[in-house]
Every structure is written in C-alpha cells, then in structure tokens.
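Taken straight from TrEMBL:
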BINDING   Gly89, Arg155, Gly156, Gly180, Asp181, Gly182, Ser183  ATP binding site
BINDING   Asp181  Mg(2+) binding site
BINDING   Thr209, Ile210, Asp211, Met254, Gly255, Arg256, Glu310, Tyr363, Ala364, Ile365, Arg366  substrate binding site
ACT_SITE  Asp211  active site, proton acceptor
Amino acid sequence: MTLELDDLRVRTLGECHHDSPFAEMLATKRTSPHYVHEDDRVLVDDTVSVLLSRGVPIDRLPSLEAAGPRRKVYFDPAATRVGIVTCGGLCPGLNDVIRGIVQELTEHYHVARIYGFRNGYAGLTRQHRERVVELDLHAVRDINNDGGTILGSSRGDQSPEEMVDTLVELGIHVLFVIGGDGSMRGAMKITQEIDSRGLDVAVIGIPKTIDNDLPYTDQSFGFQTAFAQSTEFIASVFVESQAAENGVGIVKLMGRHSGFIACYAALSNNDADFVLIPEVPFVLEGPHGVLRRIEDHVRRHGQVVIVVAEGAGQELLEQEGGTTDASGNTKLGDIGLFLKQKVTDHLTEVGLPPTVRYLDPSYAIRSVAANAYDSVYCVRLAHAAVHAGMAGRTETVVVRWRRRFVHIPMGLITSHRNQVDPDGDLWMSVLEATGQPASFEP
Ligand SMILES: Nc1ncnc2c1ncn2[C@@H]1O[C@H](COP(=O)(O)OP(=O)(O)OP(=O)(O)O)[C@@H](O)[C@H]1O
Ligand SMILES: O=P(O)(O)OC[C@H]1O[C@](O)(CO)[C@@H](O)[C@@H]1O
Ligand SMILES: [Mg+2]
C-alpha cells in the first residue's frame, strides 16, 4: 500500500476565526487513551510490522486528523445555513444521523437554518427544489425509532450545476451527505462545482452502507443491525431444515460485492454449514464442488443450512447483458434462486429428495430501525460531522477508524471497496465455525 501522510490530509476552507461553543469545555482537555487533541493524529496502521515497513519517521507515518469539536470554527454559527440529504439504498440508522446532526446544530451551534432535501440528490434539482423541508428539534423528535429516512432517498443521475444552484439559492454553507460510494462520488462532483464557482460551501460525508463495503472505516453504521436481523432468518430455515427429511435451508443476504453481512450473520447464530460470498469463488460441480459437499453434509446430518451473499457466484449465472440500475450499479443475477434449483436437482438425482426452505429477507434487514449499538454510533458520527463542517472541513468524510472518530479525504472512501479478505481472520472464523472447506476447487 503506497498510502502517504499527504494523501490523508483533509481540505479546509480556511482559517477558523469564530469562537466555538465548545471552547470552554475543551480548554482543560488533554490527549489521553480516550481523547485525541485536535492537533494530534490517529495512526492508520496498527501492527508493528506494517509500521516498520513504512520506513519513515514517526511524524511522517500515515495518520488521520482527529474528529471532534474545535476551539475556533470557520463559519459564524448564528449566520450558518445547513442542508442535509440522504441518498442510495436504505440503511438502519439514517434517522439517528439526521436527528443527531439537527440536535447538535440547534442546541450547541444555534445555527440559523437547517434544510432537509427530499428523496436524495433529486431533491436538490430545480424540479424538486420547492419540496425542501425545514428541520428543527420538533421535526426530528423520535425519528430514530423508525427505520428508513424521514427525508426519503433515491438513485439516479443529477446535475451538479443544478444542485449547486440550489445551495446558492438557499444560502447554504454546509451540506451533509449521508450515503454510499455513489453518493460520495456525487458529493465530490458538487464540491468541484462549488470550487469552480469560488463558493464558500463545505461538503461533509457520512458514509452509509449496510454491505460494510466502504474502506477506511471500522464498520459502517447500520451494518450491525442488518446482520443481527439476518440471523433470525437463518434460525428459521435451520429449524425448518431440522424438522424435514433431507432438509435444506437457504438464506440469501444483501452484499453486492462484499460478503460481510453473510459472514457476520452466519457467525452470530452458528447455524450455517456453508457460507458463500463474492470474495471467494466456488464451483458447483465435481467431487470438490459445492453440490457434492452439500450432499455429503445431508448424508451425514440429515439437513444443511446455506447462507449466500447476493453477489456470490455471479460468474456461474447467465448474465442478462450488463443491465444497471438508475445509478449505474450493475444488476446482479439471482444466485439464491439459482442455488435453490441446483441443490434441489442434485439432491433429487442422488436419491436424497430434499425439502427446501428458501428465504430472501432482502429489504427486511435494512428497513428496520437501528439497534442500540448502531444508534450510539450514529449519533456520535453525526456530532463529528457537525464539528467538521462548522470547522470548515470540506470534501471530507467522518469515519470511525480503530475506535477513533477521524476525518478522511472524500476521495479515499471511493478509492476501493472494503471486502472480506479470503486470507484474513474473519473468513478463517467462518471456516472454523461452519467446517466448510477452504476451497471448492480441485
Ligand atoms: N459516479 C457517480 N458520479 C456522480 N454521482 C453519482 C455517481 N454514482 C452515484 N451518484 C449519485 O449518488 C446517488 C446515490 O448513488 P447510488 O444509488 O449508487 O447509492 P450509494 O450512495 O452508492 O449507496 P448504496 O450503494 O449503499 O445504496 C445517485 O442518485 C447519484 O445522484
Ligand atoms: O434494490 P435497491 O434499493 O436498489 O438496493 C439493493 C442494493 O442495496 C444495497 O443494500 C446497498 O445499499 C445492496 O446490498 C443491494 O444490492
Ligand atoms: Mg453504492
């Protein structure tokens, strides 16, 4: 990895001259294992061997700016106008983040106005501009008890020029974008347009993905809730498979390119015998193929449970020819139904006619309210985002990295995908828990 310290510096709009409402509270704080001073930096790497392999002095090691309140801020709080938008697929915790941002801006910074854009970036376009809603403490009260987002969301292309026109028209100084990789790409185009017009507007991202596929963050908010929801479906097919002769339970879980939900859900209740994820290719046929292994399992135990991530085994499916959704994301073939058919055919052929219970909980795992852990995470991310925006950080994303809330340049969050490492300890745990072979290839 060729990451250098200078790649990790976030952009600021300029010097901070306004008094922060947190100045007094911060005056006596010292750096400790629980608090990182705003001038201190958090290391990217956490092993001695990687640190040594960097071969640079300690102050040149790759590190990240600590998030949190500043003694001075860039924007004059009383004159500041803010916008919030949620884009892409739903994720548990979106309402917690919205509420956290509005509370922090209202109760501590006392900003002038907070606007919520309706239905993703579409809400910033000329056509939908008038649907903007004003957000205050009353509007966000209790919204965290519900899944989804009070602002709505969307996919699809929007013009950065039109969106920046809207920011200018409403006099917005800070835009908070809560979204996934596509949303962050969109946010960077908005920043470019802001820059090309020489405007003084900050754009702060809060990364959202139930798939946990964004890099430079410990785990994305909502992921824990989503995999916890998934476990109930695995438990159901396990019970069903146990009660039937040659019982087969299959659960397909979200995860386009990354199998984190499948791995964590399977580990959580330990009922899965096979976990199939996009990062680990497999073959179906042959003496080492998945079908034969499933057959062996059914012969030995009378039942089997398979958890498959939606992006797994795509190379085995006949693709419909590069179809994409409104945002340009490739539409995947249905590996769950395909597997269900293949397993049914195979077990029938070898004289083990199965009873197959197939569940695709799909939206049921992401449309729920955040659990207590994710709610805490969301509100802390929201606070960090507000402090970053008020301090004039821009093209910046707030993340938690190795327990710390930090700032990273927006470009890094879209630089690659976070995926399950087939050589890593998570996949090893899955292999240990399921007992499935490390490879299905000869
Ligand atoms: N390559 C891109 N360039 C500019 N804007 C983009 C790009 N991709 C997506 N967007 C914008 O971001 C919005 C959300 O993108 P997308 O639908 O891909 O979801 P996402 O943010 O990646 O979230 P998720 O994939 O987790 O659902 C789109 O409506 C579009 O306006
Ligand atoms: O059907 P939609 O809303 O486009 O979203 C489906 C996709 O969204 C995700 O949940 C990511 O947000 C993926 O796991 C899934 O493939
Ligand atoms: Mg995406």
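Cβ atoms are placed via backbone N, Cα and C, with glycine included.
Where TrEMBL records a feature, it is marked here on the structure.
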residue	record	contacts (Cβ under 8 Å, 6+ apart)
Arg155	ATP binding site	Cys87, Gly88, Gly89, Gly120, Gly182, Asp325, Ala326, Ser327, Asn329
Gly156	ATP binding site	Gly120, Tyr121, Ala122, Ala326, Ser327
Gly180	ATP binding site	Cys87, Gly88, Gly89, Pro207, Lys208, Thr209, Leu214
Ser183	ATP binding site	Cys87, Gly88, Gly120, Tyr121, Val177, Gly205, Lys208
Asp211	substrate binding site	Ser220, Phe223, Met254, Gly255, Arg256, His257, Ser258, Phe260, Ile261
Glu310	substrate binding site	Lys252, Leu253, Met254, Gly255, Arg256, Leu332, Ile335, Gly336
Ala364	substrate binding site	Gln229, Phe233
Close-lying binding-site residues around ligand 3 among Gly89, Gly180, Gly182, Gly255, Glu310, Ala364, where CB distance stays under 6 Å: Gly180, Gly182
Cβ under 6 Å from ligand 2: qualifying binding-site residues of Gly156, Asp181, Ser183, Asp211, Ala364: Asp211
Count of other CB atoms lying within 10 Å of the CB belonging to Asp181 (ATP binding site): 23
Candidates near ligand 1 among the binding-site residues Thr209, Gly255, Ala364, Arg366, judged by a Cβ under 6 angstroms: Thr209
Arg366 (substrate binding site) and Asp181 (ATP binding site), Cα-Cα, nearest whole angstrom: 17
Structural state of Gly180 (ATP binding site), classified by DSSP into three states: coil
For Thr209 (substrate binding site), the number of other Cβ atoms found within 10 Å of its own Cβ: 29
Tertiary neighbours of Arg366 (substrate binding site) (same chain, Cβ under 8 Å, six or more apart): Gly89, Leu90, Cys91, Pro92, Gly147, Ile210, Gly222, Ala226, Met254
Other C-beta atoms that fall within 10 angstroms of the C-beta of Gly255 (substrate binding site): 30
